[in-house]
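Taking it in order: structure first as structure tokens, then the write-up.
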Amino acid sequence: MRVAGVSADAIDCLRDGWTAGGSRIDGRTDEESAADSTTAVRPSIPPALWVALCAWVVLAAWAWWTADHASADVDALAEAYGGTCRLVALQDGASNDFGAHCIMRLEGEDGRGVKVRVLYGGDIRVLAHDRIEAHLSFSEIPDHQRSRFGIEGVFVQAKASDVSVLERTGVPGILLSLRAWAQKELECVGGEGSALLSAVVLGDRTRLDACGAYEDMKAVGLAHLVAVSGAHLAVVSALVSRIALRCGVSRRGMPILIALFIVAYALCTGMQPSVVRAGLMAIVGCSSVWVRRRPSSLSSLAAAICIMLAADAYGATSLSLYLSAASTLGIIVLMPLASSWIDTALRGRFKGASDAIALTACANVLAMPANASLFHRVPLISPLSNVVAAPVFAFLVVGGMASLAVDAVFPRLGHMMLHALSYAAELFVSGMRALSHLPYASVFCSVPLGVSAAASIGAFCALWALWPLPTRRNACICGGIALACCLLVLAPGRFAGDRIVALDVGQGDAILVQSEGSALLVDTGNQDSLLAASLGRAGVSHLDALVITHHDDDHCGSLPMLSSVLARGEVYLAEDTFTQRDDKNKALIESARGIVGSQGVKGVEPGDVLRVGRFRCTVVGPQEFTDGGGNADSVCMLVEYDAEGDGTCEASALLTGDAEAPQIEGLIDRGLVGDIDVLKVGHHGSRAGTTEELCRELKPEYALISVGARNRYGHPTREALEALASIGCEVWRTDEDGDVSCRFTRDGIEASGMR
């Protein structure tokens, strides 16, 4: 049995929209299937799909309204569920620096339960649909998280103690135990390869996130392949159907076998919404064999949507369900058109590659704009990476399942197979990482969700209504539109002017210096999505250099996600960083080398100069490490603006990292810093970071404070704000003003906020 054949059958399943699982399941011949796929006939939209879409919109509006107006009676919950409670996990548990958390449903006497966000100790592994017993202490969802969880129907959270996972019983329990066993087996193998196998075979992305490989997959447009979805179900169903056909299973028996397998596979992968959607479509399609009707892909999609929304009305706001359904709709409706274009361009050659490209393009018409708005990134290299990944993906899924099956019976042989497959998966990860480091592999963007939704729906409707067949005239029109879209994404950074921008990255630092098409970033913050959105708003598609002031996570935590924009750039660290032997400094150096290579990581010391267009950035501190690379050892830079290019400084700014008043006063005493125009306030406006004496000596006109809203440190402090106010300094804060831009011109400096 060839993996290539399984991969081809999987593409058939996806292209046909899971109508009975593709041609191998519904009994059509290969010739009939090929004729259907190459005839660019515009499909009609059945009434059932319009009904499903209308119901979706209504329920989504209701969920958003509920998120803003509904609340939970915490006291009543505490009384009703006092003492030890039993819960069912609705998703895999996740961990962060503050412990573990999971959305669970309380088990009530009436069989209906309340959704709760449960916070518990990180030493317990919780899988989707595990039954939990714990003592709960209820509280309301914090105001700043209310909308996020409210649209999921979660209005209360609880801290759990005395947590225990109950014994897994029955058939579902056996499948959950099988999944837990498989996770442990792959963890024993270790490495990035086994982390990828855990993601594509079991739907467990935890280790892939931790090792940074998931960021590389997002950068090349392969996030959908490492999150269990309909594509995974297509591959394994194609494998099962081929085995069943060889075993002589009848055409009428095939739907039952496939339906049973789909249910088992969904449980083994954590009941991901995309898998449930694909499974429902396949089961509905399979039933057509029994009612003697030709299956309808779009009607199956409509039925799947209605069933899922009936089971959970809050699913109308689920991003996973939207992306899954939108991708499927794009593939079903537009695949004939896309295939005709690509087949015409390639003259019918390279059928496997052309199908993969067409599949990716159709899936992205409705999904990519939403992804761009939510994740603030457009993976331009996605078509190439998907062509490369399609056969490898099928090989990893099939090979992973086969290796685990062998491991269950013959552990020694199974371990050998898992290690070999993990090595192959690691090579694949390395290849995708290399692609992600190419210039413009992906670019950051910031597009309002409403705008992207309107654009994607408009594009989909236009393609369906006009149905432009492959002609030279249509090719020129489509090429012009594509070029205009690329210019809209790439051009803004080239015309940004000369400016220093304090990016809104929450409780962290990220300062952007732009001039004449060049860009320098000082620190990254530690919230990837916020940094990506800010760089997208600034129109940054390439960074010439990155300076990390020191090793604190809120200054360098998002370094790994800059791989594509730093493809040919350099990372600068304080020279003494390379002499330290502690874990934090070592981790910073390794992280930087992982992005730009060993040759791209360089040390800087006082007197070194970086030029960014009309800006001259001079390193003024630290003179030497006194804090092991901590706050007091932050790289400080004096940024001088030469408007005329004659060597004369018309304006200046001081970037301080987390350096505080004693360190900055030392720079003043040595004559390295004097009267400035813009001050990036040290250490987010801490009490020790800014004093009245320091402000009187620096005399800044503008102060930039990079700080997170409602942060637990109380930044900026009242003392720091009063010190700045005492000299009449204009204060700008990222928590109140968003991205703060100081635009430098011959006439002076103009400060403005995003909000």
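Yeah, the Cβs are placed from backbone N, Cα and C, and that goes for glycine too.
Caution: TrEMBL annotation is automatic and unverified by curators.
Under the heading domain 'Metallo-beta-lactamase', TrEMBL lists 507-709.
Annotation source TrEMBL lists transmembrane segment at 48-65 (among others).
Under the heading transmembrane segment, TrEMBL lists 222-240 (among others).
According to TrEMBL, the transmembrane segment annotation covers 252-268 (among others).
Sequence-distant contacts of the transmembrane segment (298-316) (same chain, at least 6 residues past either end, Cβ-Cβ under 8 Å): 17-19, 43, 45-46, 48-49, 51-53, 55-56, 59-60, 62-63, 151-153, 273, 276-278, 280-282, 284-285, 325, 328-329, 332-333. Per TrEMBL, transmembrane segment is recorded for 298-316 (among others).
The transmembrane segment annotation in TrEMBL covers 322-344 (among others).
Marked as transmembrane segment by TrEMBL: 387-410 (among others).
The feature transmembrane segment is assigned by TrEMBL to 441-467 (among others).
What TrEMBL records for 474-493 (among others) is transmembrane segment.
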Next item on the list: Go through the chain and flag residues at least 6 beyond the ends of the transmembrane segment (441-467) whose CB is under 8 A from any CB in it; none is fine as an answer.
Entry: 40, 42, 45, 218-221, 326, 329-330, 333-334, 337, 365-370, 372-374, 376-381, 435, 489-490, 532-537, 540-541, 563-565, 567
Note to self: Can you tell me which parts of the same chain pack against the transmembrane segment (48-65), counting only residues 6+ beyond its ends and a CB-CB cutoff under 8 A?
What the structure shows: 151, 153, 298-299, 301-303, 305-306, 309, 313-314, 316-317
